[in-house]
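S.K.: Dropping a structure here in structure tokens format, bear with me for questions.
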């Protein structure tokens, strides 16, 4: 129970005492606000690209195509513009580059400094976008936003995983995803109200609003304590033990601290964590660092997040109606994430992955069939009845809920908790970089895919949901309740991965202790 301080026996054979202290809870909540900058950007870009005043100023060709569309024109293709999608997707190329650099900063200077740097870069990008007069200013601002997101996404999940007691690590780590969903929801609400501002300059406030979460993570990084893992990694053992005693809320943390020091000692033998990550021993972690973020994007959720207003507008909803529909789906996203927070450390990661995947598959197939019947090849549905519109939004909400309590939060949680200390920063960078590569690719080609695949786009993503569910069922061991420094034991026991895991003498396990 939270606060009882009773040791719990884990699958790794360890008994680490610790409470869910107020200090830990507050620390993880503040750190997880780093997700706000990612979520706000995910939500705001799709909204401003559906505002006529924004399109008229920066993308007049798209505005002319949309405003003069005739009933005979193909509705699926009216937003097909590579420059418009470049505005959205350029951020993720920058995030890809920065997360690799952030790995070194995180390892050598600590998690907090990386978070602070991310906030500074995001703030500058937000201000540049808000004052943009030319398209190049928008793109440069987006690149700076990307640098900030890369830093935050690289450091925050690691920070939370290292601070949280193993018994509550899943729920506390998911606060990062909850912050992402809150950021998306806030962006949707802001877009809805700012789009109504007379004079057509509301998009500036929407883009400039990103400064708020940027300032929040900067302040958080200044007041947060550093993680014991990072302190030990940098040779500050006494400070690390003092900090570990504070966040665990108990009188004795010797066993956990000794294991942490042993793991750090082993990590210092690794001179090149990038090369080490490619060795056979770390094959399971590398596979999941690549597969989970790739699959997370292939669920199709970011299509809904990025382009929900555009998607709803294409489906025949009016401008304000499309923004309101987006607000509704974003609210479902945030509320459903709470379900995951309260269940992940009880039912486990695998069960949520598989159930959420099944829910997404069923709703994607239903949506694809309904749109095929109603919109056909031309994408012209005629007059949409209120019942049809409500039903379509309801199906999308069920799909969003499935993602929000499975692949959304677990896509960040599982990779951040399975990496050993010696390759943790490098592996997390691989995780974030893969996420950004697929996010960029899908953001860049979505409108073109919608134009060519039409309703088949939903069947495309449904296929990948089946593939990823099979992957999780066959290859992911349960990580619930396993201390982060004992995570290597799950691979040694797994029927498939055990043949790859060769114990190194430096971190061999005898009787449950590192030697």
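Each Cβ is built from the backbone N, Cα and C atoms, and glycine gets one as well.
Nobody curates TrEMBL annotations by hand; they come from automatic prediction.
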S.K.: Of 62-82, 83-103, 146-166, which range does TrEMBL call transmembrane segment?
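M.R.: Among 62-82, 83-103, 146-166, the range TrEMBL annotates as transmembrane segment is 83-103.
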S.K.: Among the residue ranges 172-195, 244-267, I'd like the one that TrEMBL describes as transmembrane segment.
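M.R.: Matching range for transmembrane segment: 172-195.
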S.K.: What is the pLDDT of the domain 'Major facilitator superfamily (MFS) profile' (27-480) when averaged and given as a whole number?
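M.R.: It averages 84.
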S.K.: Near the transmembrane segment (83-103), which residues from the same chain, at least 6 beyond its ends, have a CB less than 8 A from one of its CBs?
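M.R.: That would be 41, 45-46, 49, 55, 58-59, 62, 114, 117-118, 121, 135, 138-139, 142-151, 153-155, 273, 306, 425-426, 428-429, 432-433, 436-437, 439-441, 443-448.
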S.K.: Checking distant contacts: for the transmembrane segment (20-40), what same-chain residues at least six beyond its ends satisfy Cβ-Cβ under 8 A?
M.R.: 2-3, 115, 118-119, 122, 145, 148-149, 152-153, 155-156, 159-160, 163-165, 167-168, 172-173, 175-187, 209-210, 212-214, 216-217, 220, 223-225, 246-249
S.K.: Looking at the transmembrane segment (320-344) and the transmembrane segment (391-414), are there 3+ C-beta pairs under 8 A, with each pair at least 6 apart in sequence?
M.R.: yes
